[in-house]
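Among the features that TrEMBL reports, domain 'Potassium channel' is placed at 111-168, 224-302. The transmembrane segment annotation in TrEMBL covers 39-60, 119-140, 146-176, 213-234, 246-263, 275-295.
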Amino acid sequence: MSSRSPRPPPRRSRRRLPRPSCCCCCCRRSHLNEDTGRFVLLAALIGLYLVAGATVFSALESPGEAEARARWGATLRNFSAAHGVAEPELRAFLRHYEAALAAGVRADALRPRWDFPGAFYFVGTVVSTIGFGMTTPATVGGKAFLIAYGLFGCAGTILFFNLFLERIISLLAFIMRACRERQLRRSGLLPATFRRGSALSEADSLAGWKPSVYHVLLILGLFAVLLSCCASAMYTSVEGWDYVDSLYFCFVTFSTIGFGDLVSSQHAAYRNQGLYRLGNFLFILLGVCCIYSLFNVISILIKQVLNWMLRKLSCRCCARCCPAPGAPLSRRNAITPGSRLRRRLAALGADPAARDSDAEGRRLSGELISMRDLTASNKVSLALLQKQLSETANGYPRSVCVNTRQNGFSGGVGALGIMNNRLAETSASSS
């Protein structure tokens, strides 16, 4: 018998199982990319909105354009045959007329474009970003000056619109707050001797109350409709336009679109000319400010719809990532405890789901965590502690609505920041 040492059993290579995707990681990733997702979703919706608008306008206006081109071609041919003028010469003459038209020359008697009232009307359309296009600078110096003038003028006017937005929202909030206090007094929730700043319970006080976005939208919408109707009545009687054309002009002007097909105050003389020009200026000023405010309120509602869509998408993603209640549990690691610990907690009457929460910062698996995780956790805890100490030393922290933080409405720049600070978001309560 040969003395042969027994062969050792083959070593089994440990196969690393892929780490299962965790729903919490998915939720965190979606929370971190929420702003990017909202931006991409809005860009996609705007693209679809543009495609739909182009389809509708092409279907409505394309037949009329084809008919107008056919009528214009027939008119040129008839005029050329009747007067013995060659069609190329006639087209060259029309090109000269188009150049004169761009310079402000009209066949009918119109007021001068570059006297002081005409120039003032022009710079008003420049800084308000309306830009009708009926008057444009033709000289090199005028074009160069317009670049620098419009840069600072448009920036200053946008700042004026933001300040107007802040004032009008504050005024509406003051009026609606007074109405709410009166309603609470009638219902008996507030005493008759209530004064602002008095010590009341948190349920009865109105500290931190903000008006609803929908109420502000309704008030601004009614005011914009009333203003447009009054301005359209004035333009119909003075300019001789149809009432629908006057409404169309009001929206194009107040929204600073400014096509230029209809422009007010362009004739050489009007009845009560000074009063009409003053009314025209006031209507355009109030209309632009009101529509600007209305657009910002509508943008808040659009953002609420985007947040609702993102929540629906994230819920579907979490439903795919999270296992079913009866599904087998994944491998035990430093984040997710194993089934043995879950059975032990269930036998003791504890809730395993509550103990597995990452918000408490506890590791229940009994395994060691890495030094990197420990250092990161200590840094976060130290930052939160420093923030709490700083807020305590400087007074009470600024109260932020929980729904506002969850809906992604905290912060904001410019007009969006003004709306976020002045209005209460109602998407969480409505969902």
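Glycine too: its Cβ is placed from the backbone N, Cα and C atoms.
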Best-packed against the transmembrane segment (275-295), counting Cβ pairs under 8 Å over 39-60, 213-234, 246-263, is stretch 213-234
Same-chain residues at least 6 beyond the ends of the transmembrane segment (246-263) with a Cβ under 8 Å from one of its Cβ atoms are 125, 128-134, 224, 227-229, 231-233, 235-236, 239, 283-284, 287-288, 290-292, 295
Other same-chain positions with a Cβ less than 8 Å from the transmembrane segment (213-234) and lying at least 6 residues past its termini are 168-169, 172, 176, 243, 246-247, 249-251, 254, 276, 279-280, 283, 286-287, 290-291, 293-294, 297-298, 300-301, 304, 423-426
